[in-house]
Amino acid sequence: MAATTPLYDTYLRAPLRFERGEGVWLIAEDGTRYLDFAAGVAVNSLGHAHPHLVEALKAQADKVWHLSNLYEIAGQESLARRLTQVTFADRVFFTNSGAEALECAIKTARRYHFAKGHVEKFHVITFEGAFHGRTLATIAAGGQQKYIEGFGPKAPGFYQVPFGDIGAVKNAINEETAAILVEPIQGEGGIRTASKEFMQGLRELCDEFGLLLILDEVQSGVGRTGKLFAHEWAGIKPDIMAVAKGIGGGFPLGACLATEAAAAGMVAGTHGSTYGGNPLAMAVGNAVLDVVLAEGFLDQVREVALVFRQGLASLKDRFPDVIEEIRGDGLMLGIKAKVPSADLLKAIRAEKLLVVPAGENVLRLLPPLITTPAEAREGLARLERAAEAVSGKSGNAAA
């Protein structure tokens, strides 16, 4: 069959084309308005066309776009300093994506042990259901066969244990183990939240056995759970953390953050990125932090998250034949469906609401952090109509 497009057939795209965005709304080419609770898969943290981000990007575009890391870039120094001031980290390496940030995190952990003379320590313990990216290393780290199949031998040095099972983690540690890599909330895996006790247990195991704790906060970070980073809810600090998505507010940007000790092996020439930390990305990243770190912003995220949580709980009670479970924290939420999630997704899209599929028959709600309580209630009303259409039942309006 002749191809109808010159594009790779790697995406199952919805038959929708959007012309522009305004806040939490996307406007299709035919003028139809969609309430966007997908946010580019948790990327558009401040919605679409946020004026402060637009202004920052335009101002930088008039100056210089790209320099490479042959030279100092003022925006990198500024953004890195701000990130280290509000996190555990002392050092930052900028990337263009989450997968690149994870690659840097893995390399940082392995170099840490190499620099100490422990060349045998390069194995990383990861978790079943994880998703860390699409590079050869990160699909091996995720361990899901559907992403590994057909790409040759799995990259060595990764092994998976059940998510949330601290005993299995301890049993997997041996003389070759370098680090533990975990998502505080598994996104692609179905919005599965690690308990505080599990996160604390991982930190304790790393301290006990001399391992590095790597957190993948690509999806859960930058305010999405109501804290700047999700691990803060557990009261722990990692050694290395991968960040992306929301930090760029829609512009390609990622970062690997590390303590001084963890980053000690990453000397000149050990890693690099042609585009990483480019002036345009740095301008937008700094603008995102201007908003997210403003006084009261995360309080507002937590307030609107409560509206969602209460409304979704009501929908679950009213439509038990459609909704099995509500998952997640803050504005990283999941609806585990009893019906096929594809059927519920179709009904939701018919209500001009955008959400994101995930594993375990789950649909993700990842609204922009600027979503208001009124917009949250509008989205819940659309979810109610979708659930009603799938269930065939009627009832009172959702909260």
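Counting starts with 1 at the first residue shown.
Note that Cβ sites are derived from N, Cα and C of the backbone, with glycine treated the same way.
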Record says Gly98, Ala99, Asp216, Glu217, Val218, Gln219, Thr274 bind pyridoxal 5'-phosphate. Source is Swiss-Prot. Which of Phe122, Phe131, Phe297, Phe308 does it list for that same site?
Phe131
Please report how many Å separate the Cα atom of Val218 (pyridoxal 5'-phosphate binding site) from that of Lys245 (N6-(pyridoxal phosphate)lysine), as a whole number.
6
Taking Gly98, Ala99, Phe131, Asp216, Glu217, Val218, Gln219, Thr274 as the record's pyridoxal 5'-phosphate-binding set, what's the max Cα pairwise distance in Å, rounded to a whole number?
25
Just the number: how many Å between the Cα atoms of Gln219 (pyridoxal 5'-phosphate binding site) and Ser273 (N(2)-acetyl-L-ornithine binding site)?
22
Those residues of the chain, 6+ apart, with a Cβ under 8 Å from that of Gly98 (pyridoxal 5'-phosphate binding site):
His132, Gly133, Asp216, Val218, Gln219, Ala242, Val243, Ala244, Lys245, Gly254
Rounded to a whole number, how many Å is the Cα of Thr274 (pyridoxal 5'-phosphate binding site) away from the Cα of Arg134 (N(2)-acetyl-L-ornithine binding site)?
19
Assigned element (helix, strand, coil) containing Asp216 (pyridoxal 5'-phosphate binding site), judged by DSSP:
strand
In sequence order, which residues at least six apart in the same chain have a CB under 8 Å from the CB of Phe131 (pyridoxal 5'-phosphate binding site)?
Gly142, Gln144, Tyr147, Glu183, Gln186, Gly187, Glu188, Gly189
